[in-house]
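According to TrEMBL, the feature transmembrane segment maps to A:21-40, A:52-70, A:98-119, A:125-146, A:158-180, A:192-218.
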Amino acid sequence: MNSFIALIRQDIALAWRQNSAGLSISFFMIAVALIPFGLGPDLKLLRDIAPGLVWVALLLAVLLSLESIFQADLEDGSFDQYLLSDTPLEILMLAKGLAHWVGVVLPLVLTAPLAGLLLNIDTPSLLPVCLILLAGSPAMSFLGMMGSALAAGVSRSGLLAALMVMPLYVPVLIFGSSALSQILKGAATGDWINAVFLLLSIGGAALFFGPLVAAAGLRAFLK
Amino acid sequence: MINTYNFSQSDILIEGKSLTCHRSARLVFAGLDFTMKSGMAMMVQGANGAGKTTLLRVIAGLLPLSGGSLKRPETASLYHYLGHQNALKKQKTVKENLSFWAEFHGNGASRISTTDILQAAGIGGLADMKTAALSSGQQRRLALTRLMVAPRPIWLLDEPLTGLDDNGKDWLTDMARAHLEQKGLIIAASHEQLAFTTHDLKIGGSKR
């Protein structure tokens, strides 16, 4: 248990120190801010494409941070130490996933609605938008860690991880952006709340399978 | 100085019989025999590429064996493995690195404060420095302090002297002798003679 908590604390501290969240947030903001320049001053169009745009930019921003989950541990020898612990590797991977979620994805998701203002999303919708993104956020970390672990050890593993994870993100993207369009159309809470549960259940499944897949992948890599 | 634990309650035996190991279809070593008991220290010698690191990793359970039989305690937390890499986070301070491993490996059970451990390692004045700013010898010393924060009976040391000055070598020797007195067990791969080892194991006599 101590190892679990120590690892979460260390990874959040490292994410903070390396400003991983800051980088992802900046990437996301810049991507969203560039779109209006490309599309021209059509407010209605911006509003129509905002749901898909926000999700795609968000997922890309998360992909940027995936390489950092395992690469450093493998390179500096920390991983050998993880294997020589009483705590099962799967549990330690859960710790790493949680730390990535808290240290990188959560700050990103919580600042993302600000970008909504750039896309002509009205202020009353911001809170539901935030809720949808939040519901999708665990899936982003735990699906992402699978790809990150499977690509570990390959040079430029970040790119390879991105390629593997993108297809896994498709359900999140579909449910997430359809719920967002509902909200922006002013639909009642009952119309999009199901999407929240769907996203949460994808996240739950990823929370279970992500650490298992990551541990298996990294063990196979080390042998 | 290290700790007051005594490992003699449960005698430890590591026995290898005609050990063979392949790495990506290449034969690394074959036919290795050795027997190690509590209180013994073995130095593994061999040319570059002879398989010293591979042997240590096999004993630690980090790599699979392709032939022969190895009798070893299965519990992972009985082993300390000091690899080529120091398992230190460069962005963190010296003290933070040590505290992390103390908590991770030792469950924070160490009876000696991190300050005292760093003092003993000769890097007491650097506690609040970024680890990246340390010299390679100082980083090696910091990696070696992991042996002190969590009492574990089996030490597997891969080139422990890398970067250490005479002072550092003396410190390691004292630490290792104290460990052996407490019925610990050490297997070290090294090119330089180690003052504390009692047995030798040569791998890869002929060139391949």
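Backbone N, Cα and C atoms are what each Cβ position is placed from, and that goes for glycine too.
What TrEMBL says about a protein is an automatic prediction, not a curated fact.
Note on the transmembrane segment (A:21-40): residues 15, 46, 49, 53-54, 57-58, 60-62, 64-65, 103-104, 107-108, 111-112, 114-115, 118-119 of its chain, located 6 or more positions outside it, place their CB under 8 angstroms from a CB of the stretch. Between the transmembrane segment (A:125-146) and the stretches A:98-119, A:158-180, A:192-218, the greatest number of Cβ pairs separated by less than 8 Å involves A:192-218. Long-range contacts of the transmembrane segment (A:98-119) within the same chain, counting only residues at least 6 positions beyond its ends with a Cβ under 8 Å from a Cβ of the stretch, are 7-8, 10-12, 14-16, 20-21, 24-25, 28-29, 32-33, 35-36, 46-47, 50, 53-54, 57-58, 61-62, 65, 69, 125-126, 129-130, 133-134, 136-138, 140-142, 144-145.
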